[in-house]
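Below you'll find the structure, written out as structure tokens, and then a few comments.
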Amino acid sequence: MLLPACLRRCARLLFWIPVLVVIVVVMWSYYAYVVHFCWILLSSATQRVVFLCLFHLCFGMFSWSFWKAVSTPPSSPSVEFQFSTSDSLLYELERDDVAKSPILLEISQKLPVHTRTATGAIRFCHHCQLIKPDRCHHCSVCQTCVLKMDHHCLWLNNCMGFSNYKFFMLFLLYSLLYCLLIVSTVTPTVIQLWRGRLFDSCVKLHVLFLTLVSAIFAITLCFLLIFHIWLLTSNKTTLEWLSVPFFANGPGSKAFDVGVQANFLQVFGKKKRLWLFPVFSSEGDGHSFPLSCQMSSHGPPVMNGHERCATLRTVASPKEAAVTIAVD
């Protein structure tokens, strides 16, 4: 028992290596840009001040969003979704999955749960002993169920979900701006270095490598940010993109899509002044989400005939019409 526990601790430490790699690369880029580029290569004091101000603004917002994405723990389901001792005993006594289904169904009747497994059963986590809320998944790395789980990010050593997805989006945005700023401001100097007008080999190496690394990261981050913007405006998670969520009557690829604006507000909130800052402002509690009455493009309607359909909620703003929501 002692050895596996020790191995688990060592594995947790190894998970921090990618985070340290990111920190080291960013700190080196800070050194290369501020010292080698701004202080050594730039001759114009005005240009130096402007570049340093813009750089530190991007660096500050990047660092803030990075820290929030790394340090904010993923939200787990509340106590009401967890099995009581008696429920667990009753559930474990049944060895057949068919016999267990009525137990899960009875307990889930009191909960706002609409998603199902591909076979139509109630989604249950055997590790955490709880009924999974809609869009909740168990992370094998974090060893817990995560509300509205998007993915486990290797470079942040954290699960991206309901509590920190906004921070992840801002992290991508400010990372891209950080790289683009470096590329756009350093490129003219790189051209001079290429033409041989600057001869310091150490400075040349740092600046050339800085531009190359920043350009590569900028291209990668651009595609990643575009992908997550599409997910955000479609109200999908990465896991839902990979595997369509199922409901009582079948799959629902657009079940949570309540319109681009409302989808955006679910993550970033209604307070516009907080949109660009890594401060939590998402709507809801992460356990239940508005459902669209729009038909699934690859399956039957996302609604259950034994339950109510047409529950009205105001999703975007009081000035807009209420969105009709089908409760499965």
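Note: Cβ is positioned from N, Cα and C throughout, glycine not excepted.
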Same-site residue for Zn(2+) 1 (record: Swiss-Prot; known: Cys125, Cys128, Cys145; options: His114, His138, His152): His138
Per Swiss-Prot, Cys6 and Pro73 on one membrane face: yes
Swiss-Prot annotation, Zn(2+) 2 site containing Cys139, Cys142, His152 - matching residue among Cys159, Cys179: Cys159
Where Cys125 (Zn(2+) 1 binding site) sits in the secondary structure, as DSSP reduces it to three classes: strand
Tally of residues which DSSP labels helix, strand or coil - the topological domain 'Cytoplasmic' (70-166): 28 helix, 19 strand, 50 coil
Near-site residues: Zn(2+) 1, ref Cys125, Cys128, His138, Cys145, CB cutoff 8 A to centroid: Pro77, His126, His127, Leu130, Lys132, Cys136, His137, Thr144
Cys153 (active site, S-palmitoyl cysteine intermediate) and Cys125 (Zn(2+) 1 binding site), Cα-Cα, nearest whole angstrom: 21
Same chain, 6+ residues apart, C-beta under 8 Å of the C-beta of His138 (Zn(2+) 1 binding site), given in sequence order: Cys125, His127, Cys128, Lys132, Thr144, Cys145, Val146
